[in-house]
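Quick notes on the structure that follows.
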Amino acid sequence: MSTYIQLKQENHFIILCIFIPLKPRKMALKVLTALDSARTQYYHFKAIIIAGMGLFTDAYDLFCIPPIMKLIGRIYYGSPRNAKKLYQVPQAVTSAMVVTALLGTVIGQLVFGRLGDLIGRRKVYGFALMMMVLSSFGCGHSICTSRTCVLLSLGFFRFLLGIGIGGDYPLSATIMSEFANRKTRGAFLAGVFSMQGFGILASSTVTMIVCSIFNRATSGGIISDETPHGADLAWRIILMIGAVPAGLTYYWRMMMPETARYTALVERNVPQAAKDMEKVLDISASQIADEFSTYLPNSPHSNYSLFSKTFIHSHGLDLFACSISWFLVDIVFYSSNLFQSQIYKSYLSDKHKVNAFQEAFEVARLQAIIAICSTIPGYFATMYFIDRIGRVKIQIMGFFFMAISLLAMGIPYYSYWNNNTNVGFMFLYGLTFFFSNFGPNTTTFIVPAELFPARFRTTCHGISGAIGKLGAIIGSIGFLWASHNKKDGYSEGIGMTASLILLAGVCVVGMITTYFFTRETMGKSLEENENIIVMMNEDHHNEVGGGSRVN
């Protein structure tokens, strides 16, 4: 019997003609088929909010740091002995605040990702969120009032916060992907990830509100470069408010059932999976009643272990593609986002003409403008198009237009943009965020949740995300150190032109690796994405052991 397996990857096809002896194929579980074909229901949208709130808190806590560092600089670095360094947090300290959270995120993604596969998504889901909530309060309650003590305490709690944030990534993505149907799975996952954009907007909005209130209360709005009383309390409040929305969703997370795919395919408890689905989705019992004896995998190739030869052969290329794409986009995304104030410093007032609250307000306002005009629309564009044109095309397109925008900003930066405060530069800068989110920043979150087997899904998503966050560390810290072309309180670097051109080069590499290595997952069930590879491996086993022939 001749079976033709056709794998579509971007604009080319790989045709495998495999001669296989007749044998029965294992039947698909009806409970999983029902999930794939279920109509969009209220619970899907509820799951988007519950799962997305972790990413909301993630973005809030990571991206409120730029204006907060302005407040900390005013409070703890107010020595007038060097006018250039007045109110400026040292480069090493700023780097450490970013690195501690990102390192925690790397650890959280690896640890919680593995635990999600070993003991279940639901059992560790609430713990990751609670860790984020408590760590956010800890950041605001950083002990002592001396500079060294405050910064060490803040760094410690941000590290713990990063662990919770890292754990939320693979769990949120996997839970949403395993609840979704095949036709709208991409849009649902993009909806979860879009909460990151609202988290950025929320952090900027809260910062502006808190700074405005404190500015009115302490200085009456008088313009002065003196640090107002209450600035030390303001940044603590901003950090602690980030814990509120996550805390409010903790109860709903704990009430979510385990996903049917984990229960059926990993725990091998099909009746319980069916019961759980009846509780949350409008699916009749007749749709999910199974002949339980027919679904359990009986092939040795369905029981391989993590990082075994079979795993590497079956999913190694997918893991590489997901990891390298996430690594490359995070270099660009975090370098541009965490240090926006360095990129658009010409749009900010002289620090000697405004007080601490006014300076932080201006940074937060620009972050909010970027979020409203480019970041959030990028997420919405992905939600609309991802199940229409596919993940791979969106990822390649996003990398391409990010590269074009960065080159347009970088090449004439010192000859034109640095001396001309106009909307042209901000428009190009906004395009990088639009096509980052209508592109690889979103798709790299989605694809790892769709490609891997159920028992390795959160682990592989966590590995991909952890490697991505290593790119974030390189991008954010490297950009901070490299982007200065003259000594202005920081060490001398290669300048903005060279930095932006390098980031454009990273996008080109991302575009190439996506084209050659990333598999399209649109329109397929999670089991189909796995079974294409598993069937190929089984057929190869038959060829070697059973005398079959491959043409």
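Placement of Cβ uses the backbone N, Cα and C atoms for every residue, glycine included.
Positions annotated as transmembrane segment by TrEMBL: 47-69, 89-112, 124-143, 155-175, 187-213, 233-252, 317-336, 366-386, 398-417, 423-447, 459-482, 494-517. Residues or ranges marked as domain 'Major facilitator superfamily (MFS) profile' in TrEMBL: 47-522.
If you look at the transmembrane segment (155-175) against the transmembrane segment (494-517), you find fewer than three C-beta pairs under 8 angstroms, all six or more positions apart, and that falls short of contact. Within the same chain, the transmembrane segment (124-143) packs against the transmembrane segment (47-69): three or more Cβ pairs sit under 8 Å, each pair at least 6 residues apart. Confidence annotation: the domain 'Major facilitator superfamily (MFS) profile' (47-522) carries a mean pLDDT of 84 in the model.
Between the transmembrane segment (187-213) and the stretches 47-69, 317-336, 366-386, Cβ pairs under 8 Å are most numerous for 47-69. Remark: the transmembrane segment (233-252) contacts the transmembrane segment (47-69), by the rule of 3 or more CB pairs under 8 A. Comparing 366-386, 398-417, 459-482 for CB pairs under 8 angstroms to the transmembrane segment (494-517), the maximum falls on 398-417.
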